[in-house]
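Residues or ranges marked as disulfide bond in Swiss-Prot: Cys63-Cys106. Swiss-Prot lists Phe8 with the feature N-methylphenylalanine, giving sequence analysis as the kind of evidence. For 8-28, the entry in Swiss-Prot reads transmembrane segment.
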Amino acid sequence: MKSLQKGFTLIELMIVVAIIGILAAFAIPAYNDYIARSQAAEGVSLADGLKIRIAENLQDGACKGPDADPSTGVVGNEDVGKFGKAVITDNAYNPDAKEPGDENGCQVLITYGEGTAKDKVSSLIKGKKLQLNQLVNGSYTQGDGTDLPAKFIPNAVKKSQ
């Protein structure tokens, strides 16, 4: 009696492994970029949460930094997320201001890798900063103090080229 063998040959299995390897070579870097972009977007959400505090600061006449000072009414002008920390800086933003006190927006500095999940931040953005300038209408635009690579900056705040 002859027995028939069934199954895949070695060459067929090697071809499948090679195809999977080629697909992985393209997919893994794209996935890492996707993760970094999604983590960078959290910073803008943190900055959005600071808009009320910025408005309170401007009612008091100036942008106030992150240090809490109950005597002046400053209550910790920062917000910590999972992947980063957003801080209102002492710098006002108004390119048309003629004198101090004419500010209509503050600057927010987001530092990635200073959140509650420091060890889970993508190495592509860890330690990078995104500076946001608040405009008159309350929206944000990218500031000059940004060292976050352009491909990770959310489109909503990206500086027009």
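Using the three backbone atoms N, Cα and C, a Cβ is placed for every residue, glycine included.
Features recorded in Swiss-Prot, as mapped to the structure shown.
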residue : record                : Cβ neighbours (10 Å)
Phe8    : N-methylphenylalanine : 10
Cys63   : disulfide bond        : 22
Cys106  : disulfide bond        : 27
For Cys106 (disulfide bond), the three-state class that DSSP assigns: strand
